[in-house]
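Asker: Please read through the structure below; I'll follow up with questions.
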Amino acid sequence: MEYITHTWHWSISGFLIGIIMLLLIYFGKHFGMSSNLRSLCSMTGVGKHVSFFDWDWKSQRWNLIVVLGAMIGGFVAVHFLSDASNVAINPETIAQLSKFGIEAPNGKIAPNTMFGLEVFQSPKMIFILLIGGILIGFGSRYAGGCTSGHAISGLSNLQLPSLKAVIGFFIGGLVMAHFIFPLLF
Amino acid sequence: MNLLKYLAVGFIFGLVLTKSEAVSWYRIYEMFMFQSFHMYGIIGVAITTGIIGIQIIKRNKLKDIDGLTIEIIDKEKGSFRYWIGGLLFGLGWALVGSCPGPIFILIGAGFMSVGIILVGALLGTFLYGVIKDKLPH
């Protein structure tokens, strides 16, 4: 059981993610999560006004089912397959985060400071989460994919556009983590 | 059931991403601070597995589940959209520590606050749809 409740090794996890992508290809589909955001927008009927959302999203229903399965997987993993040894990040990282007032993981996958229920009472945190979401939604659609569509699917298929997008992801991420994040906390 | 296989694949995806902690804000921050190999290992092995698998599929002209020869569509050529879109995405990814897959996984796992990120992500997607034709690609 410990093999399951401990943090899964990166080599096993990476291999399984690669297999998931290949399985979806075998099913005649593709691995890409951010297009579900477009489907969800389209489901509201907004396609009548914005042509980008006027498409056959129903052909992408399978992907929404993948998302549903992923949500159940996340639920099972957090509630039944976790233990206190999880999220053993670098002690240096923990020390840095404590300066920002962000607590050590102690087995949790996300800090309460940013993701606990108390954030609903903090306009600043609501704003940060909302802005983060907007950047993710806008950026992934502009770039035509996210970590799954470009970093995993695209690079696996040796796509130059995906390499550009992934380098963009990392430049943006480094700028945020090293320069902007310290100003916010 | 035809759709059940997608539910199963999704379930495993959610399990792997959570148990590997790729959905963890802490792991994403640690990655961008270069303080752990963990996330680079996951992404690197996933891509290596993918490259080998896709080469096998292409070289042997393998067929999919419906018996059709597998064709993987190339990404559209271009630069601006990939650099700038990628950069904006990266800023958001490092700020809230989740990309689109993990947003859904974390909500499923019970993190209600991630619902705010999802609302933002839908707004961002909507905004792109509205101003798309005015943007350089």
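Placed from the backbone N, Cα and C atoms, the Cβ positions cover glycine too.
TrEMBL labels come from automatic prediction, so no person has curated them.
Just lifted these from TrEMBL, have a look:
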TRANSMEM  A:6-28  transmembrane segment
TRANSMEM  A:62-81  transmembrane segment
TRANSMEM  A:125-144  transmembrane segment
TRANSMEM  A:165-184  transmembrane segment
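Help me picture these features in the structure, burial and contacts included.
Answerer: If one looks beyond the transmembrane segment (A:6-28) by at least 6 residues along the same chain, the residues whose Cβ comes under 8 Å of a Cβ in the stretch are 62, 66, 83, 85-88, 148, 152-153, 156.
Below 8 angstroms of C-beta separation, residues 4-5, 24, 27, 29, 32-33, 35-36, 39-40, 109 of the same chain, each at least six residues beyond the ends of the transmembrane segment (A:62-81), sit close to that stretch.
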